[in-house]
Amino acid sequence: MTTKELYTKDARIWLEHPLYVWEGATVTSDYRSGVLIVKIDQTGEIRQIKIADETKLPPLRNPSLLIGQNDLTSLSYLHEPAVLHNLKVRFCDRNAIYTYCGIVLVAINPYYDLPIYGDETIMAYRGQSMGDLDPHIFAVSEEAYTKLERERRDQSIIVSGESGAGKTVSAKYAMRYFAAVGGNASETQVERKVLASSPIMEAIGNAKTTRNDNSSRFGKFIEIHFDNQYRISGASMRTYLLEKSRVVYQSPGERNYHIFYQLCSASHYLPELKLDHQDSFHYLNQGGCPNIDGVDDLKAFNDTKNALTILGVSESEQQNMFTVLAAILHLGNVRLACDPDADTDDAYIDVDDEHLVAVCSLLAISKLELSRWLTHRRIASAHEVIVSRMDIRKAVFARDALAKRLYGELFAWLVQAVNRALDTGHAKKHFIGVLDIYGFETFEINSFEQFCINYANEKLQQQFNSHVFKLEQDEYIKEEISWKMIDFYDNQPCINLIEDRLGVLALLDEECRVPQGSDRGFVGKLHDKCAKYPHFLKPRFGDAAFIIKHFADDVEYQCGGFLEKNRDTVLEEQLECIRSGAGCRLVRVMLADPGEQSATLPPPARRRPPAAGSLTQPARRASGQKATVGAQFRASLSALMGTLSATTPHYVRCIKPNDTKQAFQFDASRAVHQLRACGVLETIRISSAGFPSRWLYQDFFQRYRLLCRSKDIDRANIKKTCSIVLERHVRDPDKYQFGATKIFFRAGQVAFLEKVRAELQRLYCVRVQSCVRGFVARRRYARLVRALRGLQAHARAHLVRRKVQEIRRNRAAIKIQRNVRGWLARTKYRRLRKLAVGLQARCRGYLARRLYKNKKILKVTIGIQRYARGYLARQKAKKKRRQIIICQSAVRRWAARRQYKRLRIEARSLDHVKTLNKGLENKIISLQQRLEDALGQARRIEPLQAAIADLKAKVETLKLVEVEAKVLKVDIVSKDNLLNTLRVDIAKEKETNKKLIEEKRAIEENYKKHKEVWEAESEKLANELKSNKEHYDMAIEERDKQHEAEKKALCLELESERQSRQKLLSSQYELQERFDSIQTRAPVPKEHRRSLSDASTNSQQEITVEDDFGYGSVRSVESSRPALEAVNWSAGSHNGPAPMADAGLVLRMQNRISVLQSELSRTAKRAADLEERLMNRMTSPPSNPDTDRFRVEELEIENKKLREHLERLRSADTSQTSREIVEQLSAMQEELDRRRDECIQLKNVLTHQTVNLKSLASNYGSDVDIINEDGELATAYEAQKGINRQLQEELSAEKKFYAEHISKAKQEMDRLRDENEKYQKLLSTDLSQEPKNKTQEYAQNEIIRLASESLAIQERVDKLSESCRRYKNQIRLLVGKLKEAGVEDVQDILEGNETIVSQNTSTALEIPPVMRKKEREYLGMFEYKLQDEGTIIKKLITELKPRVATSLLPGLPAYILFMMLRHTDHVDDEPKMHQLIKAARTAVKKVIKRRAESVEYYALWLANMLRLLNNLRQYSGDVKYQAENTPRQNQQSLRIFDLSEYRQVLSDQAISIYQGLITLLERQLERLIMPAILEYEEISGLSGPQRAAPPSAASAGPARLKHELGATHDTLRAHAVDPPLRVILFRQLFYYICAYSLNQLLLRKDLCCWAKGLQIRYNISHLETWIKEHLAEYGQKSMEEILSVLKPITQAVQLLQARKSMADVSSTVEMCADLSAVQVCKILNMYTPAEEYEVKVTREFIHEIQKLMQERAGPNANKEPQSLLMDTKMIYSVHFEFSPSPIRLEDIEVPEVLELNGLLTKI
């Protein structure tokens, strides 16, 4: 379609306007040659436009779909009015100040503080691609930072624009973004210093102008350096062309630099500077506008001082800086007047001038010297030096030059100070540069500054054009489309005009070197040398100016001041005078000779990190001659371009919307001039020259699928479908190109497609309307017809009823008449009939009789004739027969005679006879053959005869068939017609069947393909299952082998038991023999005294024998041997009376030996019984061999352990110690029995599972796939191995625990044994000696008596213990029978029995552990050693796994720590208490830091910290915490320490853990929110076809998000986090989900439509359902609180779905109760109607909404700053409510899994 064909009726175009630049119009009739009739939209004026050249038709307007686009290059028509209108709509109607133009960000100064720069906005743009969210300076910054990370290439952001456009603010926000996302965690705080440099540079480099209150009067390039981790490691700054003339002169309405006014506002704080009000200084009062609205200079001064302090500028340096600034102000007030003593105009300064005095005192210089060189100058000639007085004009100029030089040097020094502060010395691998430079300027009078500025913009524009062109071509190459070279504006000729050897700068420097050079001479050389350049023009009038044709506009430069500004000269005498001052060290530093120091930065490859400079002061050449400002600026600009060329640039173009600084006012003429100047229109032109419109295939199909027929749509190949659409509607293939991922369109093609789509939609809408209207009309007509028919029915019914009544009367009358007439007629008829019948009977009788008579006569006559004729015929036949017979007889007689004669002759001859016989034989034979043939023929004839009969029958039937055929022939014609129609139908059916067959074939092919794939997968799975099966069979075989090995080991163990039994018997015999020998050798004295050591040893022996637990072994005998040998039998051989032998003691010993023998026999019986049972089990098939095997295995292990234990116990000598150890071993034995039974049960279960699986596998055989559906077999096998590993770990842990415990017990017993031996020796010595007095004798006798009594008591104890053991066995048997009988409370009976037994046998040694715990009184505390503290903390905190913690008592580590604290309180060990709390807190911090990515660790230690905090509260002794305590718990309160301070410390640590958990969960949920809520489209048909979803259903949409929330909830519940805290945590998480979703919605225009609102609302409903299902357990109130935090996002999507007419304003405001006015207006501004038929949001509606919402907020709403985005970092305040624990501290035991045995002792 050609362009002129688009100019049809109702086409919208742009026309030029003198004021508004462009205005809209509508074409009223189709374009004809040379004439275009339009109607102005604003005024309604009809205008006829004559078109001379059809290539210059008025620009077309874009369709409404493209109005307000985020990117200008996405417009279909790319031209100046379209760009201007799009910017105006976004800026004025939608308050959007940022717009993309390709790679350029267009920023319009709103002159209003917008709430779009908060930290939440920074986090919203972090990680987002450019274009995903609304245009923003943060998006450009994020793009630069992301490319830095991805490409590892330096980046740069070029911010340009004219004064007042917002360049400085944009650069400041970009640096703020880098400081936020690249923040350094080290102590240098570089990012804080980078941000602190902004107020300093604004104070000394910014000033108020007529266009901007904070205009930057210099250019700067800030490099932000990053290290390898892309964190800020430093920064540097370069400045360009400071406007020093502003120091001494300001235009009306402008101000000097801010720092001067800040100093004056703080004059009362700095009295030494002798400052006054700002209006009293000449350098400050020229503009007449000293104040800025909304700016507090004193506050700004304090901010500047704070920034200087942050950057490391010392107080003395700050004071020196303020001194120099005050000296400049005073210098400007030095009065220069004419010398009163002379008649000339020579300058004169009063020596007593107060400002001169102030300058001299501040700088500590000579007043006379300064006054002299302010009015005199030194002229050096070839032979002498002349000092001459200057006139007033030159003196003022020299004074102002000195002031400018001082300020420039101060500016340069401060820039260096900033660079020193920003240079941290860290590694600088990459940098991002932010260039804040002046834009193109043109005024009525343009001077040297404007020339330099425009020269810099020419260079930047050249680089910008080449970069944009390169990106455009790269995009085409990337998408693999054919393209042609694009021509773009090349401003290299203009740059050559400035930079050539005979260019402007060269001629300017040459004129400056001429002694008598002048500005006019410079212009004359330009007119002469530069006339050949096409970009150079002479002015029409005057010779003091020249014109350069820049890329943006033609600028006329006035030559006045060019040379002086280029030279920038200051009298050397004045500088020497200033340097001589001693009062300000800074002056000497500033004015020092810089030497060879360069003011510019070299290219990046050769640049050293600290190098940074300023262009505010001229450098010196190597020859000593000072370089001009122009040369320096050129070199600096070249270095800048080299730096930018080595980076990837990003562009920000700032636009000033109006000159009156009105908020959101758009001046089209000002804006279009800036768009031309900043290169935005050139970008548009380059884009429009190629393919400006680009659509993704999916988006194009979604938008324009209406243009394609349904049968042409191929959803599997969207590209093909799009090509069908374009081939049908766009005839010229050059108008579009198909790329790899996008479709590229020429300018205007999208608008054409929109037009076609709109026409087609209009046609379809008309059809729909017609159908709907027809339906409505038919329905209305049907209602009317029903009503009319109802009326007619009633009327007709009345008429009919009346007519029926009349008819009924008529019918009744007629019926009566009929009956009467019928009766009369019948009566007459019957009479006549009777007469007629009678007459007929008479006549018919007469005729019948006469006919009968005639027939009778005829019959008789015929009979007579028959007989007569028969007779005659028979007679005649007889006569003829007789005659014939006579004739035949005569003939036959003659023939017979003749034959007879011949036969007689033949009979007489022999040959005749032979021949006759031969003939007879042949005849007989032939007759026989004939007979046989006849018989065969007869046989064949019989079936033929039957067939003939059948054929005759068939003939009869065929005759009938012929009859029927004749009948059927009549139907043949009709049947033929029917057949013809059927043939047509059959043909159609055949075609349908062919199609179905083809479809069937396609389906079969697909099925075959799928079948092959499935078969391959099935084969693969079968192979895997087969391998798993083989592996499992191997494992089973290995298990069987292992079982066989175990069986052999058991046999060997049985054999060893037999050997042990034999050894036991031999030991018994040996003991008996030794005892007998002792008895025979012992004398029988009168008295017998026993050694106490002997008694105690025997007692110990008797005690420890009972701890054998039923295992007969050698240790019971061996342990008694040293006890008997230790008896001192020779004690009576000493001097003195011999001790009497104690016969009772000997008898008791004999009894004891008999007891031992019985015990030995009992043990032997048990061993025999065990052997017999084991042999029975080995020989007979056991019912459960695995259980028995495991039990035997466990029993053998226990047997071996108990042997070792009893060996050690029998060597102990103190009865009390042995009793305690026996009790400990009893407890250990009980615990070991319990764990052994558990292990046996578990192993039994595992074995059963293994056997079942093996049998199952063997049953299925080759069909083992059945049992391995979905990998169940492999899963079961892995689970089996996991359980086995866990059991092995537990078994090893148990072994380790008991080994450690036994080693400690052994050490303790060794110690006690040593002490016991020592005491025994002492007692033995005392008893063996002769008593010296009565007391000793009495003591010895008493000891012997007590020993004998102890032995007797021990014997009783042995008997009672044996009885107790026997009763226990009986009880166990009875309990087993009760269980078999079905009694449930068996355990209660058992415990009751044990209680009774324990009461009756309180003195027994073997007390059940449960009863011992009940009887023993625990204090609820753990004792530990200080040196074990580190190990305890390591085991309890550092190495504790969450999966282990979930299997323990919730909060067990907290309980253990508190019980340890109670012990420190109990023993009053405060240092130990402090050290314990500190170690626990440090360990928790380390665990949380090391496991910072684990939610389980956070939940675990959050719950334990709160449990410990609540324990400190509960047992603190405070009354408010004791309300729910038991008396026992109150008794356990802390007695000495007040840990209230530690309660606060633990609360703070818990809050820290809670916040860390919140941060971790938010970080995990952040990546799921967008796909789950904003992007997931479950309702099909709203936004077009859904894109390809991930393969996993749980990874797409709200399901994944709900899964994560559910996992978090389960984790918190597993670790027993307090329910109120869980509610607060989920409230926080759902707030974050709401805030993040709403922020993304507010920043993405593509989400603001009705369809997306419906999708998002549906997705949110999933979360609401999850809340109601999972959080309902916390109460209705808590659930409603959590649901309430989702109201903002819910109301936002409801706003997208709501009606938006003026009648709905109040309801909309009520609906958006939780949204701010800014957010509502933002959504309404971004709202995009789905189609043109949907009602658009008007500005009036938005303003009314804003007004009502502000009224609702109250009068103070405008005073409070409103933020557009929700604060995602906001955390609800959390309060840890007191939750007392009902658990008793004395019931808490330390589980073995913590491995704390031996480290903690329960008190």
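Cβ atoms here come from the backbone N, Cα and C positions, even for glycine.
According to TrEMBL, the feature ATP binding site maps to G161, E162, S163, G164, A165, G166, K167, T168. Under the heading coiled coil, TrEMBL lists 910-937, 979-1024, 1153-1245, 1288-1325. TrEMBL lists 1093-1103 with the feature compositional bias 'Polar residues'. Taken from TrEMBL, the feature domain 'Myosin motor' covers 67-758. The annotation domain 'Dilute' is assigned in TrEMBL to 1474-1751. Annotation comment: TrEMBL describes 595-624, 1076-1103 as region 'Disordered'. For 637-659, the entry in TrEMBL reads region 'Actin-binding'.
Each residue in the region 'Actin-binding' (637-659) gets a DSSP state, and the totals come to 9 helix, 8 strand, 6 coil.
For A165 (ATP binding site), the same-chain residues lying six or more positions away in sequence with a CB closer than 8 A to its CB are A107, N109, N212, G439, C654, I655, K656, Q674.
If you count neighbouring Cβ atoms within 10 Å for each of the binding-site residues G161, G164, G166, the highest count belongs to G161. Considering only the binding-site residues E162, S163, K167, T168, the Cβ with the fewest other Cβ atoms within 10 Å is that of S163. Per-residue pLDDT, averaged across the coiled coil (1288-1325), gives 69. Compute the center of the Cβ atoms of G161, E162, S163, G164, A165, G166, K167, T168, which mark the site for ATP; besides them, the chain residues with Cβ within 8 Å of that center are N109, R211, N212, S215, S216, G439, C654, K656.
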